[in-house]
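Going by Swiss-Prot, these are the annotated features:
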type     : residues                         : note
BINDING  : 87, 105, 106, 107, 108, 109, 512 : ATP binding site
REGION   : 839-901                          : region 'Disordered'
COMPBIAS : 841-850                          : compositional bias 'Basic and acidic residues'
BINDING  : 885, 887, 896, 897               : Zn(2+) binding site
COMPBIAS : 891-901                          : compositional bias 'Basic residues'
């Protein structure tokens, strides 16, 4: 109550920010008459003037009024469109490292031209980020004329472009592309073997369109570049045969492990667990199928991967449904985005889940992959010097934007008042009662010529509604992942009088629904339309537009509530654009997933008390409040999952940044001989110390072991025992110096044969390849650590702190291994002629290019860790008894962790 009172007196933070910015808007409006008088050449010259002022030290913010006035005037001349005052406000918010919430139809694309132009003046680059390639190309082409009029260059970053074309796109003042492609280019740049292979500049300013979709919905989705791991498709097929024999536990009680069935399902967490009976049943079935030997256990050390396959197969059968979570097209399992309803070509679930679904559907099983490089969108976008975003629905996620990305959300007022009527939810007892009511509502409204948009949350539900409409004789269009090719066309005509469009999660974001249909689309369909034809089309559209307004505007029907209020708001936001009339209503049933899992008992009891009869609907503020609370519960849980994922990924991110920084420094220098000499001395010292401890007596020396190690690992054959016999007074320090001198001389002989320049190139290549190889193994080890770290909680230890501590120790050990491997490789390598070295380098480059193309987006669903399937650890060098312990202690393996083995 007190907060509301204070807000009323002083205004909210949002109000105060807009009040401050309105002063700048007034300033821009005062400048407008002066800018109108400028010739085209004088207006274009403003860009040169602004850049000169920035070079002299003027702040970017000081240019806002003049720069925005320049863009507004240029837009009027190029597009015939003038930025509204609210769009100027939006532009300032976006320049101010904030998120601008702008309603559908308020012109976000035109608003983005303001901060994009301003920040491009610095010459450091602007990245406009969109959710798909179509929008990236569309927005770039639509705005190209404006930016080129003002003297700025435009680049489009698309998948599959060759490196020179990508480099050119990134060198442009403003680059358009998708979040995936920007992220992949960052990872590829950090796998490059020469500075010329890199394409990105330093990350300066990112302007993210549909920011909620990219920074919230995609936050659990790591970007991964991967290579093939071992083939285990036969095992997936065998395990898949077992699952149909298992029985689901009927009652999900607290002690699910002791239950009657073979497995229990937790729908809230989307997890499935074997019961004690289930474990026994699975073991018996695996023995009968010949997968396991008689008497073996699933939890035997050798069968750990079996358990991984069983869990993946169970989840595939129980939690993932065809035409809801994925579709099967041309013998391929393609994931359906739960937030947009679009198919996600090229994405694969991790942890063997995708292979398990492929086995379930009987299609070809693709190999599991091993991660070579990965990053989450959360950590990628935080690399930018300046980040901003815009969307129609951000206010419900304002806390998350603030806490994770340090971005404030500012709600921009609409240019015209919103007059859409949002009707209360109607709740029915059963699914069929609800669908019957929806069909009746559609028939009544279309009879009056009112267009209707029906939003469903899955392809399966959209097809059920479509079948019922067909049965009722109602003509309609269906827009879901199966028919996405006609998306823009269907959405553009969804505002025709009496039109009925069924859309899955409103997949048509980016295309406005215009009341009366799109006259631009009609004109575009004609070849060389005459002026008379254009006038006739516009006149016909005006009649249709007025008829739709008279019928009440576009009516939105939601067939059930989504887990997130934001997705519901996106659906509602399709109606009532630019002050148009419209209405919306959600129809729910007690059989809906959200109601069944999160709100069932309370609402069902409430409905019984209110005396519900079959076919009747309840419309009550209590029910609406209960549903809103259920959505908040889910949103809160999903936020916790994303936050926890980020906390763990932050640990890996610190290490990633250190490795990539070191790698880039290495790429940018041509001579690493000093570094090699330093680590060679360090490695030899550590090796000698493990056999001849400093300040020790000669009886403690393991001379034979040292000779063997130097010969095996460094190709350095030295008669150390003979030296000690010939020189009984040979001091420990003198012996060390002699060994180091022999190693140095051996290395110089190799350098003389191959040539100094070729040796420098070879040293650099070995360092890069060894670093990449060990980093890949380190990523796998980090994933394994992450998967089991929660068990530390049972020992009263904080899993996050344990993860930080152990991952740091692993990182330190990796750096020690890096030094050892580099020196060992350079010492043992057989010297070849320069031509052979160049040929090997070319083969290496071709192989790295092939691997870089094997990229995938590992889609991690809300309930699984962001851990990838990384089984390939067999290439690891076996640690000898006299080798330095991998923990980095400096002791022999047999005297350190070897004892534990």
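Cβ atoms are placed via backbone N, Cα and C, with glycine included.
Features per Swiss-Prot, on structure.
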| residue | record | contacts (Cβ under 8 Å, 6+ apart) |
| --- | --- | --- |
| 87 | ATP binding site | 106, 107, 110, 111, 114, 415 |
| 105 | ATP binding site | 512, 577, 578, 580 |
| 108 | ATP binding site | 90, 100, 102, 209, 390, 391, 392 |
| 109 | ATP binding site | 139, 142, 143, 209 |
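Excluding 87, 105, 106, 107, 108, 109, 512 themselves, the residues of that chain whose CB lies within 8 A of the CB mean position for the ATP site are, in sequence, 102, 104, 110, 111.
All protein chains considered, the CB of residue 106 (ATP binding site) has 23 other CB atoms within 10 Å. If you draw a 10 Å sphere around the CB of residue 107 (ATP binding site), it holds 18 other CB atoms from the protein chains shown. Largest CA to CA distance in the ATP binding set (87, 105, 106, 107, 108, 109, 512): 17 Å, whole number.
The local packing around residue 512 (ATP binding site), expressed as other Cβ atoms within 10 Å of its Cβ over all shown chains, amounts to 17.
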